[in-house]
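According to Swiss-Prot, the features are:
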BINDING   G118, T119, H120, G121, K122, S123, T124  ATP binding site
Amino acid sequence: MTTSIAGLESLGRVHFIGIGGVGMSAVARIMVSRGVPVSGSDVKDLPVMRDLSSAGARIAVGYDAGNLGDAQTIVAGSAIRADNPELVAAREAGLPVLHRSEALAATMAGHRVVTVAGTHGKSTTTSMVAVLLKEAGLDPSFAIGANVPALGVNAAHGSSDIFVAEADESDGSFLNYRPLIAVVTNVEADHLDHYGTPEAVFASFDDFAALLPAQGVLLACSDDAGARALADRTASKGTTRVLTYGTSDDADIRLHDGGPGDVSVALDGGVHKLELQVPGRHNALNAAAAFAVAVELGVEPGAAAAALGHFTGASRRFELKGRGRGVRVYDDYAHHPTEVRAALSAARSVAGDNKVHVLFQPHLFSRTREFSQEFAAALDLADTALVLDIYPAREDPIPGVTSTLITDHLVNGRLVSADEAVDAVAAVASEGDVVLTVGAGDVTAYGPVIVEALGG
């Protein structure tokens, strides 16, 4: 196959530093599908790297300047440090170095682009849109920050002119896209390590909405104060269309959420029942957004509603890891207080009259410092909250910032060490209960071990 998409042919051979990451592998997968010569490396030998190798990419495990080979363009992941030997060699050679979002934007050229942004719910909503459109026969290209069982992959090159992508606001890179349809699920203060102030976060979303053309549309959640304010500000400018979705009476796409089995959307006088396989009000709202996108792209409303029934979830988004001793164990990527609250609310709806136990791993020292009391309030929705040490990710420790900032405010929880965590969870869980591992770090690895400890 030869590259025929404008913006890709000028890149030449592309080398990805950190190709195993879910976002980086998504872009690499699409480029390989379009015939772009791709190579890449990562510090660990991850399953996705073997998939990419089988598809034709040249893959190396470990970082070494020699891995660049004859690359003409470099794509570096956000987690790649400035002293990475491949990045150092690329800069010394004068090679262009692209952010992942810039590389993804190049693959979008010539498409009708749908981007999904928001502080929470991006991956799930993007996944819902992609599954819905595929089931409706539109076969979009897509790039998602999570693996999606109903799609089999986190990214693919489709046959239509539609491209669906998750737009990450964490470092401002969502401003590199040029959407026709932009979904904003919610807007809250987060990633203050990058933005500095909540006002700067809100301003970045204004800039994002301003990217829409006159014939485009902003789809904003009316149930969220930040997204609703963004919709109002954007509408007042008159530069693009604005539609809202949610449970509020004045939403353009009205959601009714009476709990499992009683979810529907109303549009233009018609009411369409949604058969959702994922629990929680947040997922009902995400489904309403996906429905709105599909209708904007010409899918008949009834067909759009029916297609949502094929969505079974995304990896690390309230994902069932197994059962043991009558206890169901789920895993969720939630790493902001609002997300933790939504995940635990979903767990409550699944548990019924039984108990909910959460093993939480805070993500980033800066986020823990900013939201410690909010995390505690959210975690107290559980009957038992066990909190691990902070997962640092890209950050260096901040003096005085530890998980005790959270546990000091908990009513039903305490700090646990990595060594005691599994036994502590197993000791409190009884038949019918729900266990939830929560966080954006390596807490996900505890799920299968907990299932095993429960005899599953």
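In case you wondered, yes, glycine gets a Cβ from its N, Cα and C as well.
Here the structure is a predicted model, which means the values were calculated and not measured.
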To test your reading of the ATP site: which residues beyond G118, T119, H120, G121, K122, S123, T124, same chain only, put their Cβ within 8 Å of the Cβ centroid of those residues?
V116, T125, T185, N186, N286, E339
Quick tally, other C-beta within 10 angstroms, T119, S123, T124; top of the binding-site residues is T124
Where H120 (ATP binding site) falls in three-state DSSP terms
coil
